[in-house]
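Engineer: Take a look at this one; I'll ask things after.
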Amino acid sequence: MSEGRCSVALMSSTAAPAKEANATGPKAMELVLVKEQNGVQLTNSTLLNPPQSPTEAQDRETWSKKADFLLSVIGFAVDLANVWRFPYLCYKNGGGAFLVPYLFFMVVAGVPLFYMELALGQFNREGAAGVWKICPILRGVGYAVILISLYIGFFYNVIIAWALHYLFSSFTAELPWTHCNHTWNSPRCSDARAPNASAGTNGTLRTTPAAEYFERGVLHLHESHGLDDLGPPRWQLTSCLVLVIALLYFSLWKGVKTSGKVVWITATMPYVVLFALLLRGITLPGAVDGIRAYLSVDFHRLCEASVWIDAAIQICFSLGVGLGVLIAFSSYNKFTNNCYRDAIITTSVNSLTSFSSGFVVFSFLGYMAQKHSVPIGDVAKDGPGLIFIIYPEALATLPLSSVWAVVFFVMLLTLGIDSAMGGMESVITGLADEFQLLHRHRELFTLLVVLATFLLSLFCVTNGGIYVFTLLDHFAAGTSILFGVLMEVIGVAWFYGVWQFSDDIKQMTGRRPSLYWRLCWKFVSPCFLLFVVVVSIATFRPPHYGAYVFPEWANALGWAIAASSMSVVPIYAAYKLCSLPGSSREVRACAGGTSLLVSANPVSSAAPPLARGVGGWRRRKSCWLPSAKTRARRAPHPRPSALRLAGHARVFPRTGVPAVPREPPRRPRVSVLVPQVESTELCSVRFSRRLPSTPAGPPGPPGARAAPPVRMWRRNNDNYRSQFSAENPGSRSSFLHPLLCSY
């Protein structure tokens, strides 16, 4: 049926010198093999990565120091939510009893997911989208998390602008939120907070100077009637937002070389300030009552489902998984970095910071409750109301209040900056790794990203900007993040395979993850995330701000924002399935990550050496691997090549010998010509059952020893022998899965 001819001629560059090929960098070509009755048809041979110039084929930059990476991850994970969210949840859900579900979910889900993202980025050395070469059908997950990070940047930078506005306002002899004698105050403003001061003589509600300063002096909320009446941007907040955007740009424009230096200040300053505030807080009257309320243990609350739900949701959001930031940061690590130790250190620091910040917050809340003779429940809040109303009100009553206010808002500024840097780095790295044009012009691309963020953030600094802020906070960073993490862990554990992922980690750290981690990745974490996603949808409540209830069209707009990121996953999967030629089974195999990735690019001598010989093989799982005795007697190559197999094909980590997946029996042995392509032209070739091999190219540089062929062997009569040689691009192959060759 098939004839031994090609429909197009192969490029004359097949026999290009080895030295020139190495100079121009690796070439990636996708060969989709479609089985016929008597042979194989090669269709749509596409060059995936165009030839690069010598200046473009540079190694990926890495962190200057290991501490730069740790501080960047800690600075991103420890954000404003550690100060305004966790202490309130702990107080609301039984005090110290809340630590039981919190630590339980941290161990079985939080740390495994954190560890998985660090290992995924470090091994593949790509951004949030590029790592999904392990499972191409789920590359949409990477684009989804990039989009979510971009959405978060639209409103998260506004919080930093608020903190900067408060910081500038603190350089006065008297803080502007101390009394009710300012132009923005209303007749309802009252300096006293007491049980009988909640309503005036006419029954109107009373407000505090701190609350009116935030809502009327900073936000100008009284000049807006809702989302349909936003008004113009306030020039004070816009100026602060410009400073925040400029600070972000100059922290990110040179990559990790600059951001790694900035985090030495932004990641360490909050701990210095928290310690100073703790020393001041525990000396205040009523601080003991506040701390006692924070740590009061009520184990009966553990019988309530809401306590466990709050703990599960807090774990997902406090660690920052599912935003692509951890993948982006770890992609700049050295290949042999111990990512397991990094995961344990950073998650422990994050949890300890959340717990210790509760002492700072509730020592001041206890002081406020005693000063105004009200229960702690009346002053305990979470969200922006805690750090922009309650805490400034407490600081205004202290001696040297302006000094303490400056210290506090400097802490908020540093907490927000490094978290915003992480979100922007996720977007920049994820897209720059996908598109080489953006990578070559990173500084200009970074400028475009921060400018786009600034323009869309202007909606949040209008008179009704707090309504836009609440809408984005409620929808853009809620269920969509949980869905993204769920699809991420399913793709790694079930499509790519836990066993293969463990092999990747062993190549980096020299130690395979224990059974506990593999069980968490494969079963516990997916079930946990599925539970959280279902609960978050079932317990959905429309957003509101104070007495303002969002209209129906606003809720529909919010769900459209959430769906815009989640829909990227099925849309890209459908596109991938429709764009691949071949039968449905072969398309599923290619898109699902069962393709073979062979990289024959020279690497350092620290890489696993290729084994020679084919004797002494043993069966392990569904693969044939060499026995330990055979591996011990094989001499390593002086300058070996790196061999990596993606999908179901695996590499033995020490010898680099691939283990071939089991094939269906009684398939005809065929020969496939693998051309060396150096252009983006398509090549559609039909092969007969056997084609002669093309001559090998010229040898490499003088004195260099050629790499031995990479051999994949199977025993038994119904298995096949397949060989791919880095020095002979016309070698024979009988691997019937779609093939992705990089050489």
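Glycine residues also receive a Cβ, built from the backbone N, Cα and C atoms like all the rest.
TrEMBL labels come from automatic prediction, so no person has curated them.
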Engineer: Look at the disulfide annotations in TrEMBL and name the partner of C189 from this list: C180, C240.
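Structural biologist: Disulfide mapping in TrEMBL sends C189 to C180.
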Engineer: I'd like the number of other C-beta atoms within 10 A of the C-beta of G75 (Na(+) binding site), please.
Structural biologist: 27
Engineer: Counting only pairs 6 or more apart in sequence, are there at least 3 Cβ pairs under 8 Å between the transmembrane segment (444-469) and the transmembrane segment (69-87)?
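Structural biologist: Between the transmembrane segment (444-469) and the transmembrane segment (69-87), contact is absent.
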Engineer: Sequence gap of 6 or more, Cβ distance under 8 Å, 3 or more pairs: do the transmembrane segment (349-369) and the transmembrane segment (264-287) meet that?
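Structural biologist: The transmembrane segment (264-287) and the transmembrane segment (349-369): touching, yes.
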Engineer: Do any residues at least six apart in sequence from C180 (disulfide bond), in the same chain, have a Cβ closer than 8 Å to its Cβ, and if so which, in order?
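Structural biologist: C180 (disulfide bond) has long-range Cβ partners C189, S190, D191, P209, E212.
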Engineer: Which range out of 235-252, 307-329, 389-415, 519-541 gives the transmembrane segment (264-287) the most CB pairs under 8 Å?
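Structural biologist: Of the candidates 235-252, 307-329, 389-415, 519-541, 389-415 scores highest.
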Engineer: Once the chains shown are all counted, how many other Cβ atoms turn up within 10 Å of the Cβ of C189 (disulfide bond)?
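Structural biologist: The answer is 19.
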Engineer: Would you kindly list the residues that approach the transmembrane segment (99-120) from elsewhere in its chain, counting only those six or more residues past its ends and only Cβ-Cβ distances under 8 Å?
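Structural biologist: Same-chain contacts beyond the flanks: 90, 131, 302, 307-308, 311-312, 314-316, 318-319, 321-322, 326-327, 330, 339-340, 342-344, 346-347, 351, 355, 485, 488-489, 492, 501, 504-505, 508, 513, 517, 520-521, 524-525, 528-529.
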